[in-house]
Amino acid sequence: MAIDNAPPTFDHSLITVIYVLGGPGAGKGTQCANLVKDFGFSHLSAGDLLRHEQNREGSEYGELIRTYIREGTIVPMEITIKLLENAMKAELEKGREGEGWANGKGRFLIDGFPRKMDQAMKFDETVCLASKVLFFTTTEEVMLARLLERGKTSGREDDNVESIKKRFRTYANDTMPVIEYYASQDKVAEIDSTASIEQVYEAAKAAVQNIFSQKDQTA
Ligand code: C5P
Ligand code: MG
């Protein structure tokens, strides 16, 4: 990780980072999977990376991560940021091909991150300054129904009513300020994710096209 005053690990003029936010069950992961196909993103889900680390044999953070996830609270940012940074490095070292990956360039959808202001500041400063935030939004009622449906097969320890309520609280208290912060910088593309997956995707795709055309104009 970068030391104080050092530049971020990745240069944002080459590496495009788009944060993907929204409440639990808003459709972040589903929409990211579609965007990957159309735009050649590398999709990194902070929650998936944490669950993977939680289950990794020999991880010193396994129990800690499990507790935070079950309680629906935010894992200490150092852990999550390190996992994301390592995953970005691994992806760039692999040397991907295709749209957006020539000449040292790369494009990442960072899904479910930053969930709290401290993560946002630290990642922007030390890893890579994010270009935009895709913000998927719908009602708690819709999110609850989706999460309970997913819970039938997800095997996730936090897709139950008790954990879901805590996750909604964390989202309102910790994550909404992050969205407001980026909105004040004009970095948020808000997408109503109440409709069908296909309809929401049309809006998501248009938002991403818009982000890249703006980036091309400033390049
Ligand atoms: O995004 P997802 O719903 O998969 O996240 C599951 C859990 O992982 C969150 O409720 C939280 O406990 C943890 N998490 C975190 N910090 C992040 C992303 C997820 O602590 N940036
Ligand atoms: Mg997800």
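Every residue gets a Cβ built from N, Cα and C, even glycine.
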Note: TrEMBL has G25, A26, G27, K28, G29, T30, A195 binding ATP, and from R96, R107, R115, R150 that site also includes R150
Binding-site residues G25, G27, K28, G29, R150 vs R167 (ribonucleoside 5'-phosphate binding site), shortest C-alpha separation belongs to G25
The correct DSSP tally for the region 'NMPbind' (45-75) reads 20 helix, 1 strand, 10 coil
Nearest by Cα to A26 (ATP binding site), of the binding-site residues R51, I74, P114, is P114
